[in-house]
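The domain 'Gcp-like' annotation in TrEMBL covers 22-297. Per TrEMBL, the feature Fe cation binding site maps to HIS110, HIS114, ASP291. Here TrEMBL flags LEU133, ALA134, SER135, GLY136, GLY137, ASP166, GLY179, GLU183, ASN267 as substrate binding site.
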Amino acid sequence: MWVIGIDTSCDDTGVGIVRDGKVVANRVASQTLLHQKFGGVVPELASREHTQVIDGLVERALSDAGIRLSDLGLIAATRGPGLIGALLVGLSYAKGLALALGKPFVGVHHLEGHLYAALADHPEVEPPFLALLASGGHTHLFQVPAWGHYELLGATRDDAAGEAFDKVARMLGLGYPGGPEIEKLAREGDPKAVPFSVPLYDQVGYEFSFSGLKTAAQRFVEKGYTKPDIAASFQRAVVDHLANVVIRAARDTGLSTLLVSGGVAANRALQERLAEAGLRVLFPPPGLSTDNGAMIALAAWRRWRGEGDSLAVPAAAYVPLAQG
Ligand code: ATP
Ligand code: FE
């Protein structure tokens, strides 16, 4: 079955196509340049831009997959969380497509999409497993006992991991998004040169905290440490913090498979650190860590049991995947 997935939750328009669980097209139109001069995402501009590009992206994704609209068997779109106006563009488009084609529609939780991206190359993996979602807006650790069941073990008390990368990058005069910029600069620096301490080192739970690292980074900039050393040492502290929490959760729960997703999952230092942890760690393939439509199609395909959702499914700015 061919499944199309659409994500317009924030500032990227994503359209992906999956055939029998395999990604065959993944088109993303980034709005980074559009919002850059405002220092953040402007919701109204984001919605307008989604409206303008979505049709063309769907056409390109179909042509990448070598199919026509009528070949689609299932239409999926992100229903939330995200910017409400932005979400409405993709969700309404998908519902209209489903209605016009007479095909079923599925509304997908954005975080569930991120999570399934880590399974894109591993169709054989089944729960139970741990899932770490580290993105621009979330740092959540879930225990997943069965498909569709998400138990929140812990989340960030303050900033999200990706947000911390973005803020520290800005402090260092680097571009947005900050994660890839810091990762690049870190290669020229010494990860032990700047004394960042690892957050919540002694906690018994599974929480995260990144705002202290951000404040510390500001202090180290003022003290005159070099930018590459700050980038490398900051990244080391973030990676150590994430690794400490997930390794302890794996030990406490007895689970040995870990899915890592969200933009921060693209970080090589994190990938290398977790690979040494003695767990089976699965990351999204390149291009599927940050927002995209293919992950939404993957989630819809994994959850498909022969029945679509009502077209009345609303877009929602806030909708939890699981209660803690
Ligand atoms: P959410 O899904 O929580 O609403 P989002 O969709 O905006 O947030 P993503 O697109 O998953 O977030 O990820 C974007 C974040 O990932 C940015 O904060 C970015 O800096 C970070 N990021 C991207 N690549 C890397 C990298 N190589 N290393 C570290 N962080 C990265
Ligand atoms: Fe996202």
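Glycine too: its Cβ is placed from the backbone N, Cα and C atoms.
TrEMBL annotations: computationally assigned, not manually curated.
Overlay of TrEMBL feature records on the structure.
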{"residue": "HIS110", "record": "Fe cation binding site", "CB count, 10 Å": "25"}
{"residue": "HIS114", "record": "Fe cation binding site", "CB count, 10 Å": "32"}
{"residue": "LEU133", "record": "substrate binding site", "CB count, 10 Å": "28"}
{"residue": "SER135", "record": "substrate binding site", "CB count, 10 Å": "24"}
{"residue": "GLY137", "record": "substrate binding site", "CB count, 10 Å": "19"}
{"residue": "GLY179", "record": "substrate binding site", "CB count, 10 Å": "29"}
{"residue": "ASN267", "record": "substrate binding site", "CB count, 10 Å": "26"}
{"residue": "ASP291", "record": "Fe cation binding site", "CB count, 10 Å": "27"}
Could you tell me which three-state DSSP class LEU133 (substrate binding site) falls into?
strand
For GLY179 (substrate binding site), the three-state DSSP class is helix
Listing them in sequence order, which of the binding-site residues LEU133, SER135, GLY137, GLY179, ASN267 have their Cα within 10 Å of that of ASP291 (Fe cation binding site)?
SER135
Using the centroid of the Cβ atoms of HIS110, HIS114, ASP291 as reference, list every other same-chain residue with Cβ within 8 Å of it (recorded Fe cation site), in sequence order.
ASP7, SER9, THR78, LEU111, GLY113, SER135, GLY262, ASN292, MET295, ILE296
At the Cα level, what's the spacing in Å between HIS110 (Fe cation binding site) and GLY179 (substrate binding site), rounded?
20
I'd like to know the mean pLDDT over the domain 'Gcp-like' (22-297).
96
Roughly how many Å separate the Cα of SER135 (substrate binding site) from that of HIS114 (Fe cation binding site), to the nearest whole number?
9
Cβ under 6 Å from ligand 2: which of the binding-site residues LEU133, SER135, GLY179 qualify?
SER135
